[in-house]
Amino acid sequence: MKVAVLAVQGAFIEHEKALERLGVETVELRKAEDLEQDFDGLVLPGGESTVQSRLLKELSMFEPLKKKIEEGLPVLATCAGLILLAQNISNDENRCFATLPVTVKRNAYGRQLGSFYYEGEIKGIGTFPMEFIRAPYIESVEKNVEILAQVEEKIVGVAYKNQLAFSFHPELTGNDRIHDKFIELIKVSNN
Ligand code: GLN
């Protein structure tokens with residue numbers, strides 16, 4: 001199994017380390033040619049979604065990656081990655097892949113709560129250390145989107161078909177259970 005990690009900006013190295021701890025080979029996507037190799041899953045890391053979105057388009061990676069996601073490539077998206085997947089963003093006009101039928105709000109916790117830590121429940125995983133950094137939250141979901149985690153009534157984790165998305169940064173806590181769940185999703189979709 002090989003998992004590609006979008007490596008144009010943001011916290012991609014930490015995702016690579018988490019996957020490698022679980023024995024999964026990773027490849028970095030930095031330019032269009034990197035998409036020519038075979039891979040079984042994709043990680044969209046946290047960072048700055050506007051910068052990532054612009055770079056994806058400038059580097060000609062946007063169209064081919066969108067197609068792969070629409071065709072069922074398993075994706076794990078965290079924080080800015082969730083914004084890249086969202087079909088709607090309530091406080092931004094830009095859209096990136098728009099493959100996940102949810103409405104997100106960027107920088108949703110405002111300045112004072114820009115960054116915070118919370119231990120919350122994730123469906124199918126249990127209590128999880130959640131590191132929020134200028135995080136979005138999900139304001140609403142379309143039907144068929146499964147809600148996996150909520151923090152004080154705000155949705156912070158969802159699953160939809162081949163896409164798993166979280167508002168926080170599971171790669172920063174050294175707890176690999178979300179990555180493990182993602183690997184399970186890849187195995188199921190490969191069968
Ligand atoms: N605030 C960032 C954005 O809107 C996301 C922050 C993060 O990925 N930690 O893109």
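Placed from the backbone N, Cα and C atoms, the Cβ positions cover glycine too.
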Cross-ref TrEMBL: L-glutamine site GLY47, GLU48, SER49, ILE133, ARG134; candidate in list ARG21, ARG95, ARG106 matching that site is ARG106
ARG106 (L-glutamine binding site) to GLU171 (active site, charge relay system), Cα to Cα, whole Å, comes out at 20
So CYS79 (active site, nucleophile), by the Cβ count within 10 Å over all chains shown, scores 29
Among GLY47, GLU48, SER49, ARG106, ILE133, ARG134, which the record lists as binding L-glutamine, the farthest-apart pair of C-alpha atoms sits at a distance in angstrom of 13
